[in-house]
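The following features are taken from TrEMBL:
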- 56-186: domain 'Adaptive response protein AidB N-terminal' (DOMAIN)
- 214-317: domain 'Acyl-CoA oxidase/dehydrogenase middle' (DOMAIN)
- 328-401: domain 'Acyl-CoA dehydrogenase/oxidase C-terminal' (DOMAIN)
- 463-584: domain 'Acyl-CoA dehydrogenase 11-like C-terminal' (DOMAIN)
């Protein structure tokens with residue numbers, strides 16, 4: 001039976017039903033042949049759904065402006081604020097148009113010229129080249145190394161990238177690797193050709209500006225470079241090296257230079273296995289005559305997303321290179337690059353989240369259904385508000401130089417806000433989902449990053465966790481005089497206590513339990529820290545009521561999924577066995593020892 005409370009709602013639905021039904025019947029009738037009847041021949045009706053508009057991406061983002069005003073010195077903010085207003089308009093105009101052109105005209109590979117000579121030219125559209133020029137003009141790399149604003153330069157750079165990424169047609173990818181390579185060369189104080197490259201990578205002159213690639217992945221797989229790298233380096237009499245190998249996944253293969261991992265081969269033809277055998281090398285992709293540097297482009301990759309970005313399989317057949325790291329210190333040296341590219345991943349992720357929410361909120365003011373605009377339907381507005389809380393938390397966390405993989409979920413939810421239009425390619429909406437999916441894979445997958453987090457905690461013998469807890473406490477202390485934030489602070493304090501308790505239990509359960517808990521631990525750390533950042537921002541003297549509300553909503557969720565899963569027995573000693581049984585039940589590819597006898601005894 002229907003309870004009384006939902007009878008009015010049922011009545012509303014029943015009132016609508018006849019209208020739908022009568023509409024269907026009217027279309028089934030034979031219409032007279034006369035002018036003025038809609039949908040006859042070329043007349044396709046009078047209604048066309050308005051598309052969402054994209055305004056100035058700086059002026060419309062209250063949190064971005066508030067964050068910069070709160071953190072930057074007044075004089076720095078005044079200068080940066082003026083530039084970002086200008087850039088915010090360029091992002092939603094010229095840059096967005098170029099990014100969409102890159103999506104419509106993806107790169108292609110020309111293996112041979114008209115005379116049969118192998119050239120392996122990666123042909124990109126003019127828009128892709130213009131985005132490279134704009135990147136130089138706007139100083140998207142240079143800002144971080146000119147250090148005009150001292151330590152605030154990176155904050156300024158991150159703000160520009162945050163707006164740029166979702167409009168850029170994936171040009172943010174070569175920029176990420178360019179920034180990472182620049183950091184490596186700066187830290188290593190490289191000389192010779194690698195040192196000369198530094199000035200190109202940081203140039204604001206489009207004619208001098210270079211982009212860089214990053215060649216690590218080979219056929220054996222991505223993150224396990226210690227066992228997957230087969231490329232070898234042979235030393236030459238002039239001190240350079242020649243590289244021989246096959247790089248299975250090289251992003252931005254149209255770059256000017258790259259950093260690559262290889263194993264140095266000794267005079268006897270032997271190499272050192274494992275991480276200790278890997279060294280880092282610099283090489284230009286083409287020589288002064290424009291010829292490829294001992295490279296063959298085997299093919300361009302066909303990917304789920306990032307169609308705008310040329311990604312290729314490369315054969316290295318004597319590519320001339322220069323040693324950048326100390327011999328055998330390649331992985332440790334390239335870590336600086338990986339840290340930078342992970343930050344770019346985070347910026348891109350939260351940038352996509354911000355973009356889809358901005359577009360969805362504008363669309364909600366235009367789409368009229370069931371008697372009112374969808375912005376006036378409480379359930380729809382609640383969905384947008386929940387998405388906005390995630391965006392705000394993600395933004396504050398990325399400005400602390402880290403972020404989780406929330407982008408895919410938020411962008412997917414955002415597409416639902418557009419109904420069927422969110423699934424149509426010509427709206428330029430699905431590209432946001434396809435391109436955001438790469439972010440959870442590009443830097444080593446969520447599980448690998450979670451294990452990295454666990455490794456850092458173990459290496460520091462708990463000191464990192466102590467620093468984490470102290471930082472959280474310091475941030476929420478600023479809210480001590482704000483009664484509206486009291487309950488949020490209490491939730492955060494309780495979550496910290498639950499985290500400490502469950503970590504202590506896990507340490508006694510062994511390494512397997514710790515590994516199984518790694519993912520939940522990483523998300524717990526992220527949720528707690530985001531909560532602290534939101535509370536800190538909400539306690540700012542100039543915070544808006546929305547800032548306070550966002551922190552309240554964030555802290556209402558489960559801030560310690562590690563504790564929740566532990567209490568549910570997810571990390572118990574027999575959990576691995578039960579997980580295997582669940583996943584591989586009746587699978588012909590996996591048979592546990594003794595399963596046949598057990599089946600026979602039970603008659604199964």
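Even glycines carry a Cβ here, placed using N, Cα and C.
Across all of the domain 'Acyl-CoA oxidase/dehydrogenase middle' (214-317), the predicted model scores a mean pLDDT of 88. With DSSP states grouped into helix (H, G, I), strand (E, B) and coil, the domain 'Acyl-CoA dehydrogenase/oxidase C-terminal' (328-401) comes out at 58 helix, 4 strand, 12 coil.
Secondary structure by DSSP for the domain 'Acyl-CoA dehydrogenase 11-like C-terminal' (463-584): 95 helix, 0 strand, 27 coil. Break the domain 'Adaptive response protein AidB N-terminal' (56-186) down by DSSP state and the numbers are 91 helix, 11 strand, 29 coil.
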